[in-house]
């Protein structure tokens, strides 16, 4: 998320002109625009599908469903708004249209907050799974609606607080605009490094640590068990709940690995400072944004492939039967509720009649 070389600080009043590109670079730029827009469109469809899946009647009763719905929602924002905004800025510069010199303050603020919200939302999900696996008896107390709302609020408050110094140019922090039209943060000094680490590296480190703990728990639970008590536990309702929580934890582990794969090119290119990637007429650096867009576009695929329940719901949606099934489930729950009330009333009446 930090700025590239040959960028102009947006505190200046001038906007760098769009560089003269070779025919090969022009073709590469057109290919990048088409590819990245395609990834964003696919991501919009994938995330909308998963939003419908996670908001279904049955899954709303899950403690993690609310956090997962928010996580998918911010991924959708990346594909719907943040990703296309960066593409359109490049197009505007390419066609020579006038843009204000402070445009990157808006684009970069939007991009940085959104990416950081995704990262910290992943931390919230990881915390939820950690409690579910290591403290299952206390999970219900940590999966209430107030706790989930607090986790979501923190996932927004932290990124906004970390981004504001760049947005208002406080403490020597700023944003930069490259000639090709790429906006990025321009951290300065110890404060800038601290803000950048907290916005990007820290949530990855936390999610990675929890992923290792989840991996260890998966290994522990998956070891063969012997004995009558173990078989009874596996067949019990408690065992099924533990198995479902473990599957959700594995899902988050796969998300972490996929995220690491998508952001790795950005970290490698940024920190090795390849000159050929950061020249004033370099188009190749834009592919980093495509790699990052893949993270938000295809994360729903990992969620769907990791959960048979999500797959079943997705099939119902695609066949247009989800809402009918949801209504049927609601009716079934109401029928069971009324039936249990009748049983209780009949039991009370029977006791009175016997007395």
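Placed from the backbone N, Cα and C atoms, the Cβ positions cover glycine too.
TrEMBL annotations: computationally assigned, not manually curated.
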Stated TrEMBL location of transmembrane segment, expressed as one of 147-170, 219-242: 147-170
Annotated range (TrEMBL: transmembrane segment) out of 1-27, 190-216: 190-216
Cβ-Cβ under 8 Å with the transmembrane segment (147-170): same-chain residues at least 6 beyond its ends: 11, 63, 66-67, 70, 105, 108-109, 112-113, 116-117, 120-121, 123-124, 127-128, 141, 185-187, 191, 195, 198-199
For the transmembrane segment (67-92), distant same-chain residues with Cβ under 8 A (at least six beyond the ends): 29, 33, 36-37, 39-41, 43-44, 47-48, 50-51, 54-55, 99, 103, 107, 110-111, 114-115, 117-118, 121-122, 124-125, 128, 148, 151-152, 155, 180-183, 286, 289, 293, 296-297, 299-300, 303
Mean of pLDDT values spanning the domain 'G-protein coupled receptors family 1 profile' (46-269): 81
Chain residues outside the transmembrane segment (112-135) and at least six past its termini with a C-beta under 8 angstroms from it: 1, 63-64, 67-68, 70-71, 74-75, 77-78, 81-82, 142-143, 151-152, 154-156, 158-160, 162-163, 166, 185, 199-200, 203-204, 206-207, 210-211, 213-214, 217, 245-246, 248-249, 252, 255-256, 259, 292, 296
